[in-house]
Amino acid sequence: MSESWQQPPQTQPQQPQPPQPQHHAEPPPALAEHTLPPGTAENPLGCAVYGILLQPDPGLQPPQHAPLQAAGEPGPKCGVCGHDLAHLSSPHEHQCLAGHDRSFQCTQCLKIFHQATDLLEHQCVQAEQKPFVCGVCKMGFSLLTSLAQHHSSHSGLVKCSICEKTYKPAEAAEPATTAAPSLPAAPAPSTVTPAEQADKPYSCPICQKPFKHLSELSRHERIHTGEKPYKCTLCDKSFSQSSHLVHHKRTHSSERPYKCAVCEKTFKHRSHLVRHMYAHSGEHHLFRCNVCELHFKESSELLQHPCTPSGERPFRCGECQKAFKRPSDLRQHERTHSAERPFKCDLCPMGFKQQYALMRHRRTHKTEEPFKCGLCEKGFGQPSHLLYHQHVHTLETLFKCPVCQKGFDQSAELLRHKCLPGAAERPFKCPVCNKAYKRASALQKHQLAHCAAAEKPLRCTLCERRFFSSSEFVQHRCDPAREKPLKCPDCEKRFKYASDLQRHRRVHTGEKPYKCPNCDKAFKQREHLNKHQGVHAREQQFKCVWCGERFLDVALLQEHSAQHSAAAAAAEGAYQVAACLP
């Protein structure tokens, strides 16, 4: 088998074929001329450009191209299940399920499947869902084989992810290798059959794709024109198809229409269900690069990834020299070294380095409460908050103590509730809070809780905490380095916050940074300055009308005014005596 790309088989309606000469099936001219560099691993069953892989069974021999058979001759059959393999280009396309454990069953038609991905394809066909997306035009398909057939319809240049050369998958391209002069390439056969042309009379004038209905053609043409007539009424986004708008509106609501047939978990979007189904089957990635062995969930990710052999990481951080496989991973990592916060909240001025952090923050705003209570219409930002709120509507508590029959809303409250057998027999009751105990020693220990903090006899010299009993003091494992990691270099006193340490250091340095604007006094702490400025404010209240002096309270002003009155009376009496003298 030559080292050339093999295009995925085209699934056409089975019609009698005329006898063909016995020779090996030749690929299209453009793909045959595109050869890989020497030493590249051969992949006869897949294309790394489109991401379609048909992985063979390791226990079987490599596929051999059998001669094409004339119509009417019996073809090869599977030796286990008897399935006809004549229409398949390779026997490995038939995966016999005989002898395997079929554990995935369709809930609608009860059909059984060996793998969860087969069940997903089956359900997508029934529900007309299209989880397999083309990496070139973003068109969706229900089956992986349909996506492989669709890739051959693109006429634009496609880059090979291994040798980075470009070629046209549907037309003859320039030879990628300087080989011997080749014969003129035969024109590529038309991919539209006469029967399909009669069934689909409407064709796109740009890409020649046929359609059965005019509405389908109009919807398809928006891909080329970029028209987006469907606008969201809740935000300023617009879409080219109504289904895309319906898909987008689920981001504003709590609707989850896609349900897993295996575990009945629900999802908002079909792509989330597709990723979830891989977890049941163990096939977490369908598309694999044959050079760097990276796996991808979608063919578009395989097309866009920069291929690096042997797991190389060419993108290196300039700060910490950490290497990454993708430039997007490097850009995301570089934000940890800088103050860049490209993800801004549109409701407040806060910014975030990662998108998931922004999404988590937006739920804190009261304007976005997607989780609604079905009884009172109250909204919540988190589903756990809604679940906690719904306990209010229940007629009885969910968790009940089997001993004292006390009910609790949460299981954690029931675990914290320490109920002893025979709880009704508690003769020792506290006169302050009416709490009862079985033993007098327990009541005495409880009564210490009503005492003031100064009455606690035992004090820890490291963290200044006080305790009632010696058992509590022994159980208290004080770690000042953990609780108060900041230590004063002058007196070894520890603090929990840097601001507390900075304020304490002024005791040793004598620094007084807070100065009064009304006088020449200065203070070490801001609260001392605020208390001092109240003195100046009160001085403006009581003013003497004789001399203009100000006082803090009215009693001092009255005492001061009495001195002025006495002096004035004495002066007036002396004037009268002087006037009477001859």
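A Cβ is built for glycine as well, from the same backbone N, Cα and C atoms used for every other residue.
Annotation source Swiss-Prot lists compositional bias 'Low complexity' at 1-14 (among others).
Annotated compositional bias 'Low complexity' per Swiss-Prot: 174-196 (among others), in sequence order.
What Swiss-Prot records for Lys130 is SUMO2 cross-link, and it gives a large-scale study or a structure entry as the kind of evidence. DSSP assigns Lys130 (SUMO2 cross-link) to coil in the three-state reduction, outside any helix or strand.
Per Swiss-Prot, the feature phosphoserine maps to Ser281.
Under the heading region 'Disordered', Swiss-Prot lists 1-39 (among others).
The region 'Disordered' annotation in Swiss-Prot covers 174-198 (among others).
Feature annotation from Swiss-Prot assigns zinc finger to 76-100 (among others); the stated evidence is sequence analysis.
Taking the zinc finger (104-126) as a whole, pLDDT averages 66 in the prediction. Taken from Swiss-Prot, the feature zinc finger applies to 104-126 (among others).
The zinc finger annotation in Swiss-Prot covers 202-224 (among others) and rests on sequence analysis.
Residue counts of the zinc finger (230-252) by helix, strand and coil are 11 helix, 4 strand, 8 coil (DSSP-based). Under the heading zinc finger, Swiss-Prot lists 230-252 (among others), citing sequence analysis as support.
The zinc finger feature in Swiss-Prot is assigned to 287-309 (among others).
According to Swiss-Prot, the feature zinc finger maps to 315-337 (among others).
Below 8 angstroms of C-beta separation, residues 332, 335-336, 381-382 of the same chain, each at least six residues beyond the ends of the zinc finger (343-365), sit close to that stretch. Marked as zinc finger by Swiss-Prot on the basis of sequence analysis: 343-365 (among others).
Per Swiss-Prot, the feature zinc finger maps to 371-393 (among others); the stated evidence is sequence analysis.
Residues annotated as zinc finger in Swiss-Prot: 428-450 (among others).
If you look up Swiss-Prot, you'll see 458-480 (among others) marked as zinc finger, on the strength of sequence analysis.
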Number of other Cβ atoms within 10 Å of the Cβ of Lys130 (SUMO2 cross-link) across all protein chains: 17
Helix, strand and coil residues within the zinc finger (542-564) as assigned by DSSP: 11 helix, 4 strand, 8 coil
